[in-house]
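Contents: one structure, followed by commentary.
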Ligand code: MUC
Ligand code: MG
C-alpha cells in the first residue's frame with residue numbers, strides 16, 4: 001500500500017471543512033510508448049500522451065488528475081496540446097483563489113467560461129475530487145455515495161493488426177487469467193476481411209472468451225448492415241460505434257435490426273448526449289468514459305441516465321495511465337450494474353506505469369485501489385522521465 005498523505009482539515013467542533021484555496025494548477029505532457037502498435041480504424045498508436053494536472057492548495061494538500069485522448073486529433077476534437085493549453089490559459093485563471101472544497105462551484109465556474117473541452121475539464125475536476133478526498137481522508141468513491149464493489153471484469157483490446165498475433169495474445173491473456181473479454185479494433189480493412197478476422201479469432205478462442213468489436217465510426221450505414229449481420233453470425237456479441245457519432249438514426253436502425261448488441265461510444269459526450277441516445281433508442285449499451293463525459297460528476301449523470309433508461313452499461317477508457325484509470329475506478333465502483341464490465345486496461349498497454357503503486361489486475365478483474373482521494377500516488381522519477389519537456393541528452397557519434 002502506498003503511503004498517501006491525508007489532511008485533518010475538518011473542524012472538530014463544527015464539522016466544517018477549513019478553507020483551502022486553489023493556489024496553483026500545473027500541467028505536464030507525458031509521452032509513454034505503448035507495448036506494441038495499437039491499430040485502430042483511424043490511427044496506429046505507438047505512444048500514448050497524457051496531460052497530468054496537479055493542483056496545489058493553500059493548506060498544502062495536492063490533487064492529481066489526467067486528461068488523455070487517443071491518437072492525437074484522430075479520435076475526437078481535443079488534442080493533448082489543446083487540453084494543456086485550455087487548462088493553462090482558460091481554466092486555471094478562473095479557479096485561482098477559489099475554495100477547493102467547492103467542487104460543484106468550480107465545475108459551474110469552468111462551464112461558464114469554457115465551452116466543450118471535456119477532457120481538459122475532466123482532468124482538472126479529477127484533481128479537485130482527489131484533493132477533497134485526501135483532505136477528508138476518504139476515497140473519492142465515498143464522495144459519490146460509496147463503493148459497492150472492490151473489483152470489476154476488465155476487457156483487453158486485440159489491435160496488433162494481425163489475426164495470428166491477436167490469437168496468441170488472447171490465448172496468453174486467458175492462460176494468465178488476466179482477461180477473457182476481448183475487444184477487437186476493426187474498420188480499417190474491408191467489411192468482408194474484418195468479419196473473417198473476427199471469425200478466426202472467435203473460432204480459436206471458443207467458449208473461453210467473449211468477442212466484441214469497435215469500429216470507431218469507420219463504417220457507412222450500408223457497410224454496417226453487412227458488418228453486423230456477419231459479425232453476429234461468427235459469434236461476436238457486441239459492436240461499438242459502427243457509424244458516425246452524429247448519425248443516431250443509423251445507430252437506431254442497427255440497434256433494432258440485429259440481435260448483436262450495439263454500443264454507443266463517441267456519440268456520448270456528456271449527459272445531454274446520453275439523453276438523446278435514450279430518446280432515439282440509438283444503442284443497447286453505453287460506453288461510459290469519464291474524460292469524454294467531462295469529468296466524474298458528468299459521467300455519474302451519464303450513468304444515471306443510462307440506468308434509468310435501461311441501457312446495458314460498460315466502463316470505458318481513453319487508454320489513460322494508472323492515474324486516469326484509478327479515477328474511473330473510484331466512480332465505477334459505486335455502480336452496481338456494469339452488466340458489460342469495463343475496459344480499464346490502459347496502464348497495461350503502456351511500457352511504464354507512472355503510479356508508485358500499480359493497479360492490480362487479477363482473475364479477469366481490475367481491483368479498486370484502497371486509499372484516500374483517487375487512491376493513486378505518482379512515481380516522480382517516471383514523471384520526470386516521460387515528460388515531453390525533459391532535457392534529453394543526445395550523444396553525437
Ligand atoms: C475506444 O474507442 O473505445 C478503448 C479501448 C481501446 O483499445 O481503445 C479505446 C478507445
Ligand atoms: Mg470505442
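Quick reminder: no glycine exception, Cβ is built from N, Cα and C everywhere.
Taken straight from TrEMBL:
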- 164-261: domain 'Mandelate racemase/muconate lactonizing enzyme C-terminal' (DOMAIN)
- 185: active site, proton acceptor (ACT_SITE)
- 343: active site, proton donor (ACT_SITE)
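Between the C-alpha atoms of residue 343 (active site, proton donor) and residue 185 (active site, proton acceptor), the distance comes to 13 Å. In the three-state DSSP classification, residue 185 (active site, proton acceptor) falls within a strand.
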